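Peer 1: My questions will all concern the structure given below.
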Amino acid sequence: MDLSTITFLLPNSSEDTNGTSAPRLPPHSQCASVLIVLVVTVIILVTIVGNVLVVVAVFTSRALRAPQNLFLVSLAAADILVATLVIPFSLANEVMGYWYLGSTWCAFYLALDVLFCTSSIVHLCAISLDRYWSVTKAVSYNLKRTPRRIKIMITVVWVISAVISFPPLLMTKHDELECLLNNETWYILSSCIVSFFAPGLIMILVYCRIYRVAKQRASTVFVAKNGMERQPSQSETCFVRKGKSEVESPSSHSSGSRERKGELDDIDLEESSVSNRHRNSRFAKSRKVEGAQSCPKPNGRLSWACSRASELEQEPRARQLSLSKSKLAQMREKRFTFVLAVVMGVFVLCWFPFFFTYSLHAICRKSCTIPDSLFNLFFWIGYCNSSVNPIIYTIFNRDFRKAFKKIMCRHSTRT
């Protein structure tokens with residue numbers, strides 16, 4: 001039997017220049033290997049638990065049942081698959097220094113790795129387009145934004161990611177003891193462009209456009225708001241206190257309007273609008289009753305002036321109520337867009353070092369020497385992104401915080 005065949009079948013040995021087998025040395029010391037295993041295990045657990053909480057929260061919380069949140073469910077599913085089907089094998093390959101599971105699983109492992117990374121950024125690209133259409137075509141697009149349409153968009157995202165990921169990797173032959181990405185220049189550059197740089201550029205351009213539209217809309221709302229606040233000053237309102245009629249300026253209500261404005265500004269992005277509609281209807285009814293009771297009984301000019309003032313006062317109030325509802329919807333869209341912008345920015349920050357060094361290696365192989373340790377560090381920073389999204393939702397979204405607390409408290413009471 002040929003000696004090279006024997007050494008090829010022994011995974012813990014390597015062949016030296018004389019053709020004799022030598023023990024394969026691990027790439028890290030024992031302490032470093034233990035530390036790597038502990039850190040990566042924590043990343044896996046945080047990724048699985050956090051993204052499972054996201055999925056459960058979207059399906060169980062009324063405030064999070066908006067159709068567009070299905071994108072977040074699919075994105076969380078991709079991160080869970082990364083933590084279960086990719087990271088454990090990457091950890092074994094990193095600690096042992098060689099690939100133990102054969103060439104067949106290597107091909108699927110690499111395909112799944114590229115698939116989930118590509119699907120994450122394509123998801124974010126689809127989310128940015130969804131945000132753009134909801135901002136620029138608010139009425140028409142929101143009527144079309146049904147769960148069925150969102151599910152179709154998610155299916156298209158996964159199909160595009162699979163078409164990009166699987167064919168090149170499954171057609172490539174792999175060594176039994178090495179599981180590496182295709183090292184040809186054309187594949188490296190094309191995969192980096194299609195899987196990261198092109199979708200990332202689309203996201204940046206779309207969000208720049210969203211920012212411009214939001215800025216223009218904010219200035220328009222500011223002008224309309226100032227005009228609305230000046231209108232009530234043209235009339236005065238009559239109130240009856242302790243049997244006496246008084247004339248009171250609408251400026252006395254400014255503090256109440258400021259309080260309502262503060263409440264409105266504090267509403268979170270996906271908060272259910274049912275309670276707000278009830279609150280606004282109760283407020284409108286109470287104001288009508290107050291307007292009816294505020295004027296004294298008919299008494300010549302005073303009663304005519306008082307009724308006329310009440311009519312003039314109710315018109316701006318109705319206008320203000322409709323503006324409050326539209327502003328509430330705009331606030332939700334604005335805060336939802338901000339949270340997703342943070343998610344996209346963190347994704348780009350986590351994966352840009354890897355894709356930059358990977359493409360740089362393809363362009364200048366000889367003149368640009370990139371240490372393996374640095375390349376591996378960037379690779380693992382990209383994996384860490386799978387555990388970050390639930391943390392972002394928790395920090396920036398009150399509804400997710402409430403849903404997570406409810407899920408955890410429910411679980412603790414059962415145990």
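For all residues, glycine too, the Cβ spot is worked out from N, Cα and C.
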Peer 1: Select, from ASN183, ASN385, the one residue given the annotation N-linked glycosylation site by Swiss-Prot.
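Peer 2: Per Swiss-Prot, N-linked glycosylation site applies to ASN183.
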Peer 1: With reference to Swiss-Prot, is HIS28 found on the same side of the membrane as LEU180?
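Peer 2: Same domain label for HIS28 and LEU180.
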Peer 1: Need the cross-check against Swiss-Prot: the disulphide partner of CYS106, picked from CYS117, CYS125, CYS179.
Peer 2: CYS179
Peer 1: DSSP on ASP113 (site 'Implicated in ligand binding'), three-state: which is it?
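Peer 2: The three-state answer is helix.
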Peer 1: Run through the topological domain 'Cytoplasmic' (130-150) and tell me, per DSSP, how many residues are helix, strand and coil.
Peer 2: 18 helix, 0 strand, 3 coil
Peer 1: Per DSSP, what is the helix/strand/coil residue tally across the topological domain 'Extracellular' (97-106)?
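Peer 2: Per DSSP, the residues of the topological domain 'Extracellular' (97-106) fall into 5 helix, 0 strand, 5 coil.
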Peer 1: What Cα-Cα separation, expressed in whole Å, is found between SER195 (site 'Implicated in catechol agonist binding and receptor activation') and ASP113 (site 'Implicated in ligand binding')?
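Peer 2: Rounded to a whole number, the Cα-Cα distance is 12 Å.
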Peer 1: Fill in the CA-CA distance, CYS179 (disulfide bond) to ASP113 (site 'Implicated in ligand binding'), as an integer in Å.
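Peer 2: CYS179 (disulfide bond) and ASP113 (site 'Implicated in ligand binding') have their Cα atoms 12 Å apart.
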Peer 1: Of these recorded positions, ASN183, SER191, SER195, which scores lowest on Cβ atoms within 10 Å?
Peer 2: ASN183
